[in-house]
Structures are given as C-alpha cells and as structure tokens.
Amino acid sequence: MGSSRSMLFFITLAIIILNLVAPTMAQDDGTCTHEGEYCLKCSDTVPYTAGDKYQENLNSLLSSFSSNTQNNSGFYSSSRGQDSNKVNAIALCRGDLPQDSCQAWLNRSTHILLQNCSTHKEAIIWAERCMVRYSHEVIFGIEQTDPFKRLPSPNPAKNPQQFEVVLTPLLDILSERAAAGDSLKKFAAGHAPVPGGETIYALAQCTPDMDKKNCSTCLNKTILDIGGGMNGGRVLKPSCNLRYEIYSFFDSRAGSLVDIPPPVPPPPAPAPEEAKKKGNTKQTVIIIIVVLVVFVTIFSSICFFFRVRKRRVKLEQDENSEDISLVESLQYDFETIRSATDDFSDANKLGQGGFGAVYKGKLANGRYIAVKRLSKNSEQGDREFKTEVTLVAQLQHRNLVRLLGFCLKAGERILIYEYVPNTSLNHFIFDTTDHAHLDWETRYKIIGGIARGLLYLHEDSRLRIIHRDLKPSNILLDEDMNPKIADFGMARLFMMDQTQGDTQTIVGTYGYMAPEYAIHGRFSVKSDIFSFGVLVLEILSGKRINSFRNRENEEDLLSYAWRNWRDNTVANIMDPKLRTGLGIEMMRCIHIGLLCVQENVASRPSMASVVSMLSSHSVTLSVPSRPAYYLQYNSGSDLTGSDESKNSMHVSRNKNSDFTEPYAR
C-alpha cells in the first residue's frame, strides 16, 4: 500500500514538473473554453456612436464578406470609408472548409460579433471554423499576436511524455508547411500516431496576408504557448492559430499522415535477482518500477525543457535579425537631413528644449518632417541609442507622435518625426490668441485622444511604458486637432508584469508629478494618471496648474478645483468661454480629473477605466477624495529643461532613462 502511494506521488510530481517547465500564459478571461462555440474580444479603447458613419461602413464591409460567393480561398480582407470613419477588416475560414460552409460560418460569426461588440471600433471573434476581425487601425500584413486565447483540453494525455514527443515535431512540421503557403492560403493539417494507440490530429494556419517569415514566427511563438500534458488544445491569435486533438476534427482530405521520427525507447528495466522469498521479489519489482518512473519523468522533463529553450533561443535570434533590419530601414543619411532643414537654418527652427533644437524639414519627395538635433553631451552609446530608437519606432497609435527614423554621424544624434502642424496644446489653452478656437467639442476630443494614447502605452502596446512627463507642451495637435502624445525622453520601459519602479533621479515637471514620485522617486502607471488629471483640469479651466498662486492667495489649480467641487460651485472651475450651459460631459470630466489627482495611489482609476468613463455616461463614478497639493513641492518647477514655467530648474537627464526624446519641447 505504501509503495503504491509512493508511485502515485512520483507520477503526480512528474505532471507538476511538466507543467512548470511549459510556458506559462495568462488565464483566459472566461468568455470561451476549449469546448466553447466561439471566443471574442471587444477592445474598449475607441468607441463609435450607434448609427454613425463608422457603423455604416462596418456593417457594409462585414456583410460583403459573408455574401461574396466568388472567393474560394476562404480569406477576405478589405477596408471601407475615409479618415476616422475608415474600417479595416479581415475574415478567415479554416483551410479545409468548402465555400458554402465558409459563407455560413462567416454570416453567423459576424452577427455574433456585431451583437456583442456594438459601439467598439476594434473587435475579433474566433469561431470553431472561422475568424473575423476589424479595426480602425491598419491591420493588413502586420503580424499580430495579441489578444490571444489559450484553450487547453480539460483532459490529460494518457502518457504525457510519449504524447509530447510526437506533438512537438508534428506542430513544427505543420507550421513549416503552413508558412510555405501562397497569398491565398497558409494552412496545413495532418496526423501522427502516438505509441500506445492514440493518434494526434493537428492543424496550423496563418492569415495569408502574412509573408512566410512572419507566419513562421507567429506559429513558432504559438507552439510555445500550447503548454503540455493535455490531450488537446487551441491557441488563437489574430494572425495565426494552432489546434490539436486526439480525434479527427478537420476534413480528412485536407490532412495526411505525418512521419514523426520514432521516440528513443527508455532504458530496459534491470532484471530482478532471484529472490528467496516471494514477498521480497514483489517489493524489489515495485522499487525498480518507481525508480524507472522517476528517471523517465525527469529525463523527459529535461529534454522538454531544453527543446523549449532551444526554440526560444532561435526565436530570439530571429527577432534580433529583425531588429537589425528595422534599424537599417530607420537610418537616414546626414546630408539628406542637412538638406531638408536648409543646413539647420534658424528660419526652420521650431523650438529649443533641454535636449536639443527642433527644426522643420522637407524631404526630396515633398514630405514634411520634424528634425530633433540632440545635444552632444549625452553619455549614451550609439548601440543604446539605436536600441531606444528601435523600441520607440514600434509604437504605432494615432494619438502618439510617430518616429520616422534617426541619423548618427560624427557625434551628431538626430531624430526624425512626423511633422505635426498645429504645435502643442499649451499654445491653445494658455495663449490668448488661440484660446478662443478651442470649443467644448474640441477639448473633449483632445481629452479622449490623450486618454486612448496613454491606454495604448500602459496596456495595449507590446511594451508597457510610463511616460513620466505628461503636460500640455508635450501634447501636439494635428490639422484636425487630434492630440498626439510626444516626448518620451523621460519615459521608462516596464516588463508586462511589472507594476512599479523606483529612481534616485527625479525628472519631470513639478505640478504634473504625482506626490509619490516627486517625494520618493516611486513611479507607476498611476503616476501618469495623476499627470493626466492635472492636464484635464487645465484643459477645462484654461489655467495653468500654478496660475492661482499669488501673495494674497496661496492656492493652486488642484486645491481650487477641489474647493469648488466641495462647495458645489463647479462652474467656477470652467473656462469662462465654456460656462454657458454646463453640460453632463463637462461635469463628468471635472469629476474624472479629480479622481485622477487623488493623493492615494490606489484610489486613482486605471487608464482603461478612464477611457470607459469618457466613452459611456452609464459608468458610475466614485466619489473623489482630497487631491495632493504641491505648494510644499515648489509647484511649477521643471526638472527637464522645458519652458513650461518661468520658475524652472534644469538638471541632468536621468542616466537610467529608457527612451530617446521626441520633439515636443
């Protein structure tokens, strides 16, 4: 009895070890399961209004997919509309599906998607036999691995070690075949027997707009997400997907037998010696079996670990080569930039900041650019500079200033950005000449755009980024008055599971800095949310953070807003030009601003919550607590060298800063 318990213990231990060495993934959000009919994800970053042009374009576009009887490949991609009403969409049927079945699945899936994700400008649904995805952002030809769903079978494999020995090479082979497909179909299916009677059926598929390299990379990463130990599973991503089961789930004509190299047999059990007593013989056999189980388990676990490690190393090497290619594509010739700016002429100078001057330039193809010529006293090396540029260049969002490239030559470090014609927000809310142009609708649009840009930095990008210097001069406005967050010179890169960081060097602008950061050097996404709250109150009031201070009245904008909120005189907070007809949106924005500047870090909302509050009046707002006050922190002083206030102090840049600085100063 005791020996049986020991054997059971070691087998259980083996399964635990296998799960530990398998790649760990975030848990599914509960909207779908391995046996579920569909999974969907509605992005809450950008809403649309029911009945508007975006919805009209969306309905028309998705309807055209499910009614297109001329397409035999099962892949659909198209766009409809212009500017902010433009919809991009992709639909993909499983590669073994005939056309009529494909149309039926698309029709049903689009209906479910539109029903569950109404007013969302971005959403995706994975049904058992198709995927439908749409977005206001460009999605064609771009490898996208988020969001994703990992759906393991609830049932363990009969023999996890033997199962894994067959599954991994099977998925490798099918992934290679799928990646080798053409522009109409990238799909492969097959099966292979497992010693002991089971057969694994599997498929791999990419959206055909992926090239071979991106498809292969996507599928290889997805194999790492499968995990181990279960007799079935699915991993669903926007650009690719994998599935395996111990039963046939696809058209047999679409898959074939895949030859898998036979697994190495375990070493034979040593023959037990002749026992004088029957009891001793039985005990010896049990001990040998237990030892063998432990040995095989540990050996298999080690092999699996090194197989995963080898795959990860290969993926890292591939990604490094991609980074090198990206760096090369971003690098500009110095003479090209010199010519574009007329030899950095003062006539083309847009501004001067603590980290360099900014010039307007025009390339030979007629494109206007903003050129930031960084100061030459930086201690950062060329390699680190290129790494930072590569990271910033991968940030793609309509509410972020886009980095186009860089230039390195003989001590010169130059950053090239998209040119944003309307300068920065502070000219519009603080300058009396431009002040009158900002009506309520424009201000509300600017607040929402800044919130969506921050949400992208905090949660939706492949990196998690804390900006640390959010203020009006770092918000640029395009020709349609859409806001673009700029200046990542003070930004810090976080790991996706990291929530807080510390620094010995405080950088940023006092007044916009959260108290925990200004006093203790402790920063997080909630530090940016505090800055966002100050920014919202400035946009609403048309006043700077320190504009209420004078000899008779030691009060800043936060204390002024809080006093009027508490005294129920909210109209006093608003810009006089906006006081006529104080609407519910204005009241909610003041409320949201005060929630963001609360002194208690935990009480401040997340950026996702802020976007939700701005998007829907049905979201209930909690009661704000007293905000932090900055009178004791020399409110208004700038530690980054900007001219945000006249009372500024300039110190050296934090050597640990993780990003180069865009041109918003």
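Note that Cβ sites are derived from N, Cα and C of the backbone, with glycine treated the same way.
Feature list (source: TrEMBL):
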type	residues	note
SIGNAL	1-26	signal peptide
DOMAIN	36-139	domain 'Gnk2-homologous'
DOMAIN	145-249	domain 'Gnk2-homologous'
TRANSMEM	285-306	transmembrane segment
DOMAIN	344-620	domain 'Protein kinase'
BINDING	Lys372	ATP binding site
REGION	639-665	region 'Disordered'
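Predicted-model confidence for the domain 'Protein kinase' (344-620) is 81, expressed as mean pLDDT. Secondary structure of the domain 'Gnk2-homologous' (36-139) per DSSP (helix as H, G, I; strand as E, B; remaining residues coil): 35 helix, 31 strand, 38 coil. Residue environment of Lys372 (ATP binding site) contains 27 other Cβ atoms, counted within 10 Å of its Cβ in all protein chains.
Secondary structure by DSSP for the domain 'Gnk2-homologous' (145-249): 34 helix, 32 strand, 39 coil.
According to its DSSP assignment, the residue listed as 'ATP binding site' is in a strand.
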